[in-house]
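According to Swiss-Prot, the features are:
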- 62: N-linked glycosylation site (CARBOHYD)
- 98: N-linked glycosylation site (CARBOHYD)
- 200: N-linked glycosylation site (CARBOHYD)
- 251: N-linked glycosylation site (CARBOHYD)
- 285: N-linked glycosylation site (CARBOHYD)
- 306: N-linked glycosylation site (CARBOHYD)
- 442: N-linked glycosylation site (CARBOHYD)
- 544: N-linked glycosylation site (CARBOHYD)
- 554: N-linked glycosylation site (CARBOHYD)
- 605: N-linked glycosylation site (CARBOHYD)
- 759: N-linked glycosylation site (CARBOHYD)
- 791: N-linked glycosylation site (CARBOHYD)
- 132-152: repeat 'LRR 2' (REPEAT)
- 226-249: repeat 'LRR 6' (REPEAT)
- 250-272: repeat 'LRR 7' (REPEAT)
- 286-309: repeat 'LRR 8' (REPEAT)
- 310-334: repeat 'LRR 9' (REPEAT)
- 336-358: repeat 'LRR 10' (REPEAT)
- 408-436: repeat 'LRR 13' (REPEAT)
- 478-504: repeat 'LRR 16' (REPEAT)
- 615-641: repeat 'LRR 22' (REPEAT)
- 642-665: repeat 'LRR 23' (REPEAT)
- 712-736: repeat 'LRR 24' (REPEAT)
- 786-809: repeat 'LRR 27' (REPEAT)
- 1-22: signal peptide (SIGNAL)
- 23-849: topological domain 'Extracellular' (TOPO_DOM)
- 850-870: transmembrane segment (TRANSMEM)
């Protein structure tokens, strides 16, 4: 009994000791380091109970056990902090290299994601020699990755994603992190090539390098990553062929290499059509794949006829390439396939789906915009689970009865654009149809069967022959949000009822009257190329806080652009070719997302809006043919158009001198940069929002060329023609190496043509005509191989026209009215050429006299000798002939 009592006492004492130890587990130096680290940042006071819960550090207090604090885990034996999880904890400040954080040297996991650290990654980060997990996602880091990270030899997870200003190249030494399993660097600004040392990370299972600015090809060493399951290289600027070594990644389940410039050998490079290409072999070897996205590249291969080895495939997207040949029927037999997107390729021939015996799991099928022909196979109706179907621009060779598609009862999205349809008003769509796209279907009447649709979300009936007015019942459809009726023959006044439409596109019709006030709540409004009159509705000023796209070009609108209608989310504004007047709206300075701005051919009277340079995303600015005046540069103006691709201020009354460094800082025109658009909130299902339905006129040598969609992005242009600019052409123009079109004609520029123009290696059109330029045409311009159009006429240039195929192929009118110019293609010879021609002529004359003399002397001797022979021997035949000529004389 005594023994039992003593045992119970011992257990009680030990348990109390353990509790005491547990209570005092936190080491003082660890607690102090944590509290000091917290005080290094500004943390807003929680304004609600929810914020109090979210702020992990809110209950950190001195004289309490730090191992019980939120976000903290300690080693149960030593009491050191081994895990610090402060993700999304409202930390605002700068993580310094001497931060108390680095005193927690036993950390194994550090998560500071979604805080504002506003710093370069300190070299001290390499001091965490036991660190296994480092998560700095979305921390506003900038600069380059420090080399000290190579010291984190135990690291298994590294996430530096969504740090928009994290730059430089991926370090070759990152290949030393041989225990790494997860590496995520998405949405940064990394450049350069992928180091081959990345192939040393043989334990890597997840690699995400998407949304960066890399260059070059993928290294063959990527094939060493045998454990890799997820590979995401979306939008990285890679090019070239995919290494065949990737075919050995047998564990790969998710592959996304979309939106790059990867290529593959096409059918023409195959010695035999029976031989599988390297690309086909690589694809078939990846038998564990479940998700494949190869879209928006430059692949030209044919798909293998038998793809049954990819039995686990659930999603297969190769859209936006140049795949050719027939679509293999084996694709439709894959048992797990849910999504198949083969759109926008060069597939041809009839579609053969094959005999589908078992129920198909296929839910999404996109095969539009190819070269498929022949009748639509009835076997497509066996895909009873289809919820989305796109067969756009299928050459059926005749009229297709719309009713056959109504048998697919699960359809929610249907795109039959470009197919000649027979539509009856008695048709009944499935009640859950959400997206219906019937563009270019030869429809002549508004589809009345839409009147009772209760789920329709997106309707596109553009590019048909529908006449009359838009039926009022359209605006009563309860779920309708996106409407495109452009390129029809709708007429009369546009009668719209108040509704929650997000996007309304009605350009290229015959609407007239005033723009109805009901449009004021719309986020995307495109009414270009109609006959609207009156003013821009003033309701925009007070109602619409979500307007993102406003296109009203080529109407008869008058008045001013409403000053208060332009809010922060505006992304594209085109009111060109109207009768608008007044001043340029200064409220545009609030539109930080603005990319496309066109007010051409109006009557706007104002000075140059230099404050537009503060808009960080502006890519196109067109002020052409207005009444703008004054200088386009002001002293002290240090800003530049960093992302501008198209700059047209022609046909105004701008004046003044441009400083020599005026074009410094025009980054996109200076170097090749593929702008990645991370602007949130503009995705629209089924509508090409990227193009904004943009249209801009480019003038080259008097000819107008309309750039539609993304054309302005390709033709990087500066047009300042038809103004009163004077002084020298800025020498800094030579920085803009990506410039395609440069027009500075019809101004008062003086001085010499800057030799730096020869640096514009991509220039295709150059117009400097009708200025007061003097001196010679720089000879280096003759070496610009793409310069197909040029005009130097009506200046005061002199000297020889440079040699070069492109220059010599120009019409002489391109150099006219420059009295001092000479040489081809002008008729006027240069001074040196005239002397050379004269010397050559004199030399030729001398040679001819010498030749005559050389011929005369032997001829004389020869003649005398022959005469002597003839007169001495007097042959009978000679005397008879001679006597015939001489006898008349004797008479």
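Using the three backbone atoms N, Cα and C, a Cβ is placed for every residue, glycine included.
Sequence features, as recorded in Swiss-Prot, placed on the structure.
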residue	record	DSSP (3 states)
98	N-linked glycosylation site	coil
200	N-linked glycosylation site	helix
251	N-linked glycosylation site	coil
285	N-linked glycosylation site	helix
306	N-linked glycosylation site	coil
442	N-linked glycosylation site	coil
554	N-linked glycosylation site	coil
605	N-linked glycosylation site	coil
759	N-linked glycosylation site	helix
791	N-linked glycosylation site	strand
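Of all Cβ atoms in the shown protein chains, 21 besides its own fall within 10 Å of the Cβ of residue 554 (N-linked glycosylation site). Under 8 Å, Cβ to Cβ, and six or more positions away along its own chain, residue 285 (N-linked glycosylation site) finds 247, 248, 250. In the shown protein chains, 15 other C-beta atoms lie within 10 A of the C-beta of residue 442 (N-linked glycosylation site). A separation of roughly 17 Å, to the nearest angstrom, links the Cα atoms of residue 200 (N-linked glycosylation site) and residue 251 (N-linked glycosylation site). Cβ environment of residue 251 (N-linked glycosylation site): 205, 226, 227, 228, 229, 288 lie under 8 Å away, each six or more residues apart in the same chain. The list of residues near the repeat 'LRR 2' (132-152) in space but at least 6 beyond its ends in sequence, with Cβ under 8 angstroms from a Cβ of it, reads 87, 108-126, 158-163, 165-171, 173-174, 176-177, 179, 184. Shown are the glycosylation sites 759, 791; the one with the most C-beta atoms within 10 angstroms of its own C-beta is 791.
Taken residue by residue, the repeat 'LRR 2' (132-152) breaks down under DSSP into 5 helix, 7 strand, 9 coil. Neighbour count (other Cβ atoms within 10 Å of the Cβ, all protein chains): 15 for residue 605 (N-linked glycosylation site). Within the set of glycosylation sites 62, 306, 605, the entry lying nearest in space to residue 98 (N-linked glycosylation site) is 62 (CA atoms). Note: the Cα of residue 791 (N-linked glycosylation site) and the Cα of residue 62 (N-linked glycosylation site) are spaced 78 Å from each other. Residue with the densest Cβ environment among the glycosylation sites 98, 306: 306, by other Cβ atoms within 10 Å. Mapped onto DSSP helix, strand and coil, the repeat 'LRR 23' (642-665) counts 0 helix, 8 strand, 16 coil. In this structure, of the glycosylation sites 62, 200, the smallest number of CB atoms within 10 A of the CB marks 62.
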